[in-house]
Amino acid sequence: MAQYSRVAGSVALITLQNPPVNALSAAVRQGIVDTVERALRDPEVNSVVICGQNGKFCGGADIKEFGRQMSGPPLVPMIHAIEAGHKPMVAAIEGVALGGGLELALGCHYRIAHSKARLGLPEVSLGLLPAAGGSQRLPRLIGVPAALDLITTGRHVTAAEALKLGIVDQVTDHNTVDVAVKFVQSVAGQSMDSRRLSTRPCPSLPNLDAVFEGVMQRVRQSARGAIAPVACVQAVRAAATLPYPQGMEREKELMGTLFTSGQARALQYCFFAQRAVGKWSLPSGARWDTSKAMPISKAAVIGLGTMGRGITVALAQTGVSVVAVDTQERQLAEAKQAVSGMLERMAQKRGSAPPLGLVHYSNNLQAAADADLVIEAVFEDMALKESVFQQLSAICKPGTFLCTNTSGLDVDRLASHTRRPELVVGMHFFAPAHVMKLLEVVCGPRSSPEAVATAMQLGKKMGKVSVAVGNCPGFVGNRMLKPYVEQANFLLEEGATPELVDQVLEDFGFAMGVFRMSDLSGLDVGWRIRKADKLTDPSVPAGQPVRVRQGRRYSPLADLICEQGRFGQKTGQGWYHYDKPGGRVARSDPWLHSFLEEYRARHGLVARHIDHQEVLERCLYVLINEGFRILDDGIAAGPEDIDAIYVFGYGWPRHRGGPMFYASMVGLARVLERLEHYHQAHPDVPHLQPCRLLRRLVASGSPPVQRWREVIKRLHSQL
Ligand code: NAI
């Protein structure tokens with residue numbers, strides 16, 4: 001809806017009304033069309049101000065209408081009518097002007113923003129482009145380079161930056177509508193010809209072709225297969241090279257391609273999945289809306305290695321006071337320097353003071369006594385963690401939540417070493433913890449709803465996408481990663497190279513292939529876990545590995561690499577070669593290739609040609625299959641949870657929507673058929689055996705991903 005009123009005698013005030021962000025629903029668009037017409041007709045009115053109710057100008061398209069048949073007046077002619085109007089129109093921007101909201105404002109003759117407002121064209125993040133003239137008007141207003149930056153990244157800008165770029169004409173700290181009303185009166189009666197962006201030429205740019213070529217190359221590289229950023233560049237190029245009407249035709253044509261591509265559906269699914277995971281529920285019946293989160297003002301972090309430092313920074317950034325504890329004096333001193341450095345660098349970027357005073361350091365666990373919540377991040381060693389939890393249970397005040405950052409150990413077993421198992425949950429952060437968006441909140445069978453709610457809420461406050469998951473080895477993310485890495489190793493045994501496997505996965509859109517990723521995280525981590533799991537059997541002499549462990553196929557390749565002291569980037573050698581320890585650029589390593597050849601010869605393995613399809617299917621379908629097992633086991637509540645984990649924590653390309661969404665796009669019957677095929681070829685690999693839930697979903701006609709929860713519920717109720 002849009003409300004019409006007359007203010008200051010001759011100004012029509014049009015107020016968009018659609019809480020919470022006055023999105024452009026069909027009713028709002030109709031309201032704007034009607035009220036603009038009325039204002040233009042009304043002889044008493046000589047100027048118009050458009051604003052949004054409750055301090056929000058307009059958040060853009062109405063997400064409730066996504067995926068539905070379009071109804072109501074379309075945006076393009078509506079914005080044209082505003083721009084063509086013979087009476088001055090001013091957008092009074094408070095709160096947000098995003099997407100279609102900013103496009104509406106660009107149709108107005110002037111834009112006045114409140115100093116706290118944020119503006120942007122985030123369509124690209126939903127697989128689209130600003131197709132209500134935004135891609136054509138913005139470059140005409142602020143020039144090609146700035147418009148390309150905003151449109152291809154979708155980033156939001158502050159009112160101050162918008163003023164500097166020329167998107168808005170004025171910024172105010174006062175009541176924006178009052179300022180706009182006063183302003184519009186001062187220009188009433190003037191010609192608006194020079195203010196219509198569609199009639200302006202794009203500011204000229206020397207070397208236009210070279211600029212676009214450079215930008216296109218950069219965008220293609222960072223888009224990793226996503227087509228929307230590329231289409232955004234093409235649309236801006238049209239603005240720079242074509243007259244406005246033809247530019248609009250091109251915008252429409254590009255939008256049509258994006259709409260039908262499937263990538264937009266995947267990105268919109270991710271958007272909804274991110275919201276869905278906040279509405280968590282547990283098999284116990286505990287839910288997000290009935291569980292109370294406790295406020296956390298003081299936290300303790302135990303163990304200040306890679307993870308503990310990042311977690312400390314992330315907490316302090318949120319305004320939580322932190323006691324940072326490490327029993328090793330050297331580690332403590334190094335951590336102090338590293339944490340302060342990180343906080344200072346981040347504050348410098350923001351132009352604010354670093355919250356150094358919020359962090360206190362200690363070498364004594366006793367310092368955690370009065371913390372509201374403790375996050376343990378000591379070495380991944382069960383006995384050590386058990387002892388730390390035992391001590392914390394005795395030291396901490398009653399009611400302190402005890403959390404562990406373990407990447408896969410049994411949270412329930414740790415809880416059993418405390419006097420308050422109901423206050424124990426996993427808070428599994430990802431490295432680097434102050435940057436990575438994902439937090440797995442691991443709920444043990446005894447974790448109280450309050451403990452889960454508190455960890456989820458704290459994660460949200462820290463800017464994380466928090467996903468509640470059940471307790472099992474590796475939880476969700478790492479449990480699915482295990483068979484994926486395993487397949488990659490099997491492929492090496494059969495004839496592939498790390499370069500081939502990584503190339504296929506990176507072409508798919510992963511930020512890093514599996515081997516480059518393993519080199520980055522450190523091969524010794526997994527080696528230590530396999531040793532603890534007795535997989536690197538000491539009875540098997542080094543260099544004489546057996547390719548079967550615990551009755552199933554096992555590849556000792558990674559263990560052999562570690563035995564050579566090749567731990568990845570940190571040692572300068574792993575699956576690849578690096579210039580020096582800590583080097584970042586992975587180079588193909590002839591040593592590794594001859595090592596693989598010798599290994600195959602020793603085991604009588606004949607290298608065969610492995611094509612891209614096999615690499616992709618075996619790596620991805622085995623991971624997806626584990627995802628179905630996780631759903632069947634109730635470790636994740638729904639496919640959205642798994643997909644959010646993979647998109648925000650494991651570099652899964654967002655334009656492919658997450659592994660479970662991807663499976664639904666490929667077709668569940670196809671995934672099942674390929675898994676059956678590979679399992680037949682490799683009967684000693686149980687992970688390739690299609691899971692019961694996948695079979696069941698195929699049998700029920702492969703319903704869309706949004707309906708899987710119902711099938712799971714039915715399946716479980718029949719047990
Ligand atoms: P790290 O080896 O870098 O640091 C561990 C720290 O704990 C060391 O500074 C050590 O001095 C300290 N420590 C050991 N015993 C202690 C005690 N009794 N009291 C206080 N401090 C003690 O380890 P990292 O990589 O930070 O891992 C920590 C935990 O986080 C592990 O459980 C790991 O599985 C998990 N994790 C690690 C990730 C990674 O990428 N490194 C990702 C997610 C979780």
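Even glycines carry a Cβ here, placed using N, Cα and C.
Summarising the annotation, TrEMBL assigns domain '3-hydroxyacyl-CoA dehydrogenase NAD binding' to 298-471. Averaged over the domain '3-hydroxyacyl-CoA dehydrogenase NAD binding' (298-471), the predicted model reaches a pLDDT of 96.
If you look up TrEMBL, you'll see 474-578 (among others) marked as domain '3-hydroxyacyl-CoA dehydrogenase C-terminal'. Sorting each residue of the domain '3-hydroxyacyl-CoA dehydrogenase C-terminal' (474-578) by its DSSP state yields 57 helix, 7 strand, 41 coil.
Marked as domain '3-hydroxyacyl-CoA dehydrogenase C-terminal' by TrEMBL: 615-703 (among others).
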DSSP residue counts for the domain '3-hydroxyacyl-CoA dehydrogenase C-terminal' (615-703), split into helix, strand and coil:
65 helix, 0 strand, 24 coil
